[in-house]
Amino acid sequence: MELQEVLHMNEGEGDTSYAKNASYNLALAKVKPFLEQCIRELLRANLPNINKCIKVADLGCASGPNTLLTVRDIVQSIDKVGQEEKNELERPTIQIFLNDLFQNDFNSVFKLLPSFYRKLEKENGRKIGSCLISAMPGSFYGRLFPEESMHFLHSCYSVHWLSQVPSGLVIELGIGANKGSIYSSKGCRPPVQKAYLDQFTKDFTTFLRIHSKELFSRGRMLLTCICKVDEFDEPNPLDLLDMAINDLIVEGLLEEEKLDSFNIPFFTPSAEEVKCIVEEEGSCEILYLETFKAHYDAAFSIDDDYPVTSHEQIKAEYVASLIRSVYEPILASHFGEAIMPDLFHRLAKHAAKVLHMGKGCYNNLIISLAKKPEKSDV
């Protein structure tokens, strides 16, 4: 089965769907001030036609209500900054393209649009028709828009996904090179980590080269991804998956060869690795780059009627459900659907242990980029 056929969130609105389990979380809330600053710089740059129609794309938008929460933040930021900077001007139309792979459940977003538009009108005073949302399916490692046609490109929790499993893992190192893990975890051998870094470098370079061409000169990108900081990082969601899969092997419910032959196309770069790639590619300048921590259960709320002793387990089950909604399609394609309930039951146990220790944070990186002006524009 082709990777792009399974590289999507759980579809629909069922108990394990991304639409039901994903919600506005602390990580998105932390991104919003950076988003507003990025929009402020964008509006001050006086790009072509920006006072009439701002063209925006959300790359790797996923599906369900969470997608429109991100769109809401973008629209609110544009309106807020626009009022602060140019309050004498009429609000520009905002055209937003939602991008993800062809298998993404775009329909779960489209059917929410009528109520979303009404809410924008009621809460933000944006007349229906002044914000236009459409889909642009396809890999963001390929061309999506005409040259110099976009003002702002946004991507949240997407660029850590690679275009493919690093070829070096199989071609150069052999099928079982990454024993005991599904990605480039801290305990992986250096050649495995290098293979993943090489693939990320190739992919992120392609991403920057292609999409910088789609931006107007001095257009902006704002990218957020999971990252690594040092060897003392707390377990991230993929580490929890590693633990749960290894539990199934120890219990005899899964063959070790199944794990050794599977690698997920996911890489957590360091801030320095991202910085070096941007500088080497050369089409954009870094305006700011920061890291921050977000908690597994940042979006979780609980009724006070629950006994305190049950909070950790309930939170852990929430964490497991959220991780399942993101990773189940690609995991089920390799390990089989039948083992999924057992896998995520064990993941919830590991999440509970991590939460009990007062841990459960993962590192995030946010970077704001501006396309360098052409020499003729300087």
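Keep in mind that glycine also has a Cβ here, set from the backbone N, Cα and C atoms.
Given the structure is predicted, the values throughout are model-derived calculations rather than measurements.
Site annotation (Swiss-Prot, ligand Mg(2+)) includes Asp260, Phe262, Asn263; from Asn178, Asn363, Asn364, the additional listed residue is Asn178.
Ranking the recorded positions Asp260, Phe262, Phe266, Glu337 by Cα distance from Ser139 (S-adenosyl-L-homocysteine binding site) puts Phe266 first. The separation of Asn263 (Mg(2+) binding site) from Glu337 (site 'Involved in substrate discrimination'), Cα to Cα, is 17 Å.
You'll find the Cα of His160 (theobromine binding site) roughly 19 Å from the Cα of Asn178 (Mg(2+) binding site). For His154 (site 'Involved in substrate discrimination'), the nearest of the binding-site residues Leu101, Asn178, Phe262 in terms of C-alpha separation is Leu101. Using CA atoms as reference points, the binding-site residues Asn66, Phe140, Cys156, Trp161, Asp260 were checked against Phe266 (site 'Involved in substrate discrimination'), and the closest is Trp161.
Separating the Cα atoms of Tyr157 (theobromine binding site) and Leu101 (S-adenosyl-L-homocysteine binding site) is a whole-number distance of 14 Å.
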